[in-house]
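**Student:** Sharing a structure here in structure tokens format.
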Amino acid sequence: MDDEETAEIDETSSSSTNTNTNATAMATATETAAEMHVELEQDEEIPQGSENGAGTGAGDGTRAEAGASAIHAETTAHVSSRARLENMIEEVDNMFEEVSELMVDVTELMRRANQLREDAGTGAVPQNPTVATNTTPPAEIEEEEEGPEQQAEQALVNNDSPSQASISSRHSGSDMSLDSPGSEDDSDAEAVPRWMIPANRVRSAVDMLVSQARNRDGGIATLLRRENFLQRVRSMVFSQDRIRGRASDDANNADVINTVPDDTSEASPPPPLDVDMEEGVRFDTNLPAEHSYFGTNLNRVPGVDYLEVGSTHRMLIFMHQHILFPGEVLPFMIDGNIIDEEIEDTGRDGVIFGVGFPLMQPPDDNPHKLYGVTCQIYEKGESGRQHVFYKSRALQRIVINCDDIQGPPQYIARNPTMKCYSKVKILPEYFLPEPLKCIDMGSLNRFRDIPSMQEKFRRFQLTTTPWPVEACGEYSFEHIVEKARQKLEIHKIDTMPKCPIQLSFWLVRNLHLTEKMMRLTFLTDSVNIRLQIIGTTLKHESLFYCRYCNSSLAYCSDLFAMSKHGVQTQYCNSAGYIHETNTVYRVIAHAIGYSGEPSTEFSWFPGYQWHIIICKFCAQHVGWEFKAVEPNLAPKVFFGLAGSSVRIGKTSERTPTHGSRFVVRNLLRLVSRELE
């Protein structure tokens with residue numbers, strides 16, 4: 001047992017001795033008060049006897065005057081004794097209140113002394129039978145299998161940096177609050193009584209419990225369902241105090257603190273896997289693009305031409321929970337009468353309808369706008385359940401005036417049964433070619449395509465133009481395309497389009513921008529500006545985070561293409577719900593759990609079975625695991641992350657506990673309420 005724990009136990013014994021002394025004083029005061037009551041009654045009897053004696057000896061004047069003087073003296077003494085007695089009774093009441101408060105302090109001190117004894121393995125301190133204490137022992141924490149010493153020491157190192165902490169309302173006078181930074185030093189420990197656990201210690205203990213729960217089956221949900229959660233937090237506090245004390249002694253003997261790595265810095269992603277190294281037949285990426293899970297009886301539908309830029313058209317519209325970019329394929333299942341009636345009404349072979357995105361925030365100057373895309377149906381097939389499978393492709397960006405919508409807008413993924421029409425306007429796509437490529441150099445043009453001469457040819461072109469180098473470089477996008485190609489090489493994608501307009505939309509889908517950047521690129525009419533926005537994101541490393549609890553799930557560097565359309569594709573399940581799916585080789589260790597049983601029915605990838613995966617931290621659905629059921633099929637296992645359940649974020653957002661700060665803060669609020 002260390003010195004600090006011994007001092008606390010001595011303090012406990014001292015407090016118990018003070019309690020006994022105060023109780024003895026209280027008993028003495030009570031006896032004194034009783035004696036004063038007896039004296040007061042005797043004093044009250046003496047005046048009555050004097051009055052009776054004066055009545056019988058009325059002839060003796062001297063005795064009457066003496067009796068009157070005695071009565072006056074006794075009355076004065078009686079008043080003085082009564083005042084003194086009332087003061088003593090008031091002092092006894094105050095002593096009772098002080099003793100009651102001291103009993104509460106002794107209860108907490110005895111509880112902590114018992115916990116210190118149990119942690120030290122020397123048994124419990126004998127308790128006073130008159131003191132009510134909590135006899136429930138703290139629940140044991142399963143630390144051995146996860147390496148408690150290493151985890152606790154690592155948590156202490158991580159928590160040395162400022163972080164948000166929580167504290168109960170009784171600590172409102174301290175610097176530690178729900179939204180203020182905390183520290184792991186002992187500067188704030190003296191601001192509260194010694195029996196009270198400082199807020200920074202509670203924060204550190206909850207962080208460790210969350211980290212341990214993350215590495216076990218059930219995740220945070222199991223942690224909250226377990227009994228004696230508050231006792232587990234207290235036990236973790238004392239365990240970390242012991243480890244912190246040993247670490248401090250080691251630091252004083254040898255300067256080894258600087259050699260501990262800082263896990264809060266941005267961690268580099270692991271090297272990407274190479275699926276070509278796996279033995280077996282490489283999966284045909286053309287199969288998912290065909291959406292063969294709809295069946296083989298799909299018929300081609302004649303297409304229509306692109307609509308003129310700036311023109312306005314009245315068409316059937318639906319809503320969609322994801323943002324589609326031109327070139328993406330949208331499979332869906334709907335009542336066939338809606339589309340068939342549309343073909344009969346328009347008298348055209350092909351069908352074009354609009355898809356709006358409520359996720360897109362309208363500009364401040366016109367909040368009644370809704371952005372979306374036009375989609376063309378190119379294949380359909382019967383499902384046998386009064387629904388028809390359709391495959392459509394997004395063509396052009398549109399803007400919808402909400403005041404012109406006729407009918408209730410319905411989501412295309414929820415089996416709409418009613419029609420909704422509106423006027424839509426086709427948005428333009430402006431593209432300015434590179435200025436130097438517009439210069440005709442005559443016979444020197446033959447050197448343009450020679451790699452060894454391109455740089456010299458470019459410098460020669462710059463000398464013939466009135467524009468500065470910065471102006472020419474502002475509209476150049478070749479270096480952006482080259483950087484994007486190098487970054488996408490690890491994803492095994494070789495279907496990069498050459499048209500700049502299509503290329504800009506294709507890069508947005510395959511480079512995985514944040515939602516804010518996706519909105520910005522969609523609202524941009526200039527292809528050049530769109531490519532420049534994409535270029536600013538090429539140097540960032542990103543992760544997939546759970547949208548519900550912000551837990552890190554997978555690195556974007558592990559993305560790969562299981563479809564010829566790229567790493568992100570829209571798929572439709574048997575219920576008609578459309579999922580935006582991102583395929584990755586692997587997920588972060590201890591990041592997911594499983595729900596239900598695996599199945600091969602309606603599999604998006606022929607030859608693979610799917611199994612629902614959930615976030616291990618919050619138990620929410622985040623995607624599927626696909627495992628090969630056919631022999632010699634590569635990759636053997638991969639994962640599909642649902643776009644509606646994950647978000648893209650920078651690697652610097654990843655926390656040491658692999659979870660979000662608000663989860664820990666909610667646990668701290670729970671602990672604070674229990675401590676109160």
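Heads up, the Cβ atoms here are built off N, Cα and C, so glycines get one too.
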**Student:** Among the residue ranges 249-276, 641-668, I'd like the one that Swiss-Prot describes as region 'Disordered'.
**Tutor:** 249-276
**Student:** Counting other CB atoms within 10 A of each CB, which of the binding-site residues C546, C549 comes out lowest?
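**Tutor:** Counting other Cβ atoms within 10 Å of each of the binding-site residues C546, C549, the minimum falls on C549.
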**Student:** If you count Cβ atoms within 10 Å of the Cβ of C615 (Zn(2+) binding site), leaving out that atom itself, what do you get?
**Tutor:** 26
**Student:** Please give me the CB contact count at 10 A for C618 (Zn(2+) binding site), counting all chains in the structure.
**Tutor:** 19
**Student:** Across the domain 'CULT' (541-650), what does the mean pLDDT come to, as a whole number?
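**Tutor:** When the pLDDT values over the domain 'CULT' (541-650) are averaged, the result is 88.
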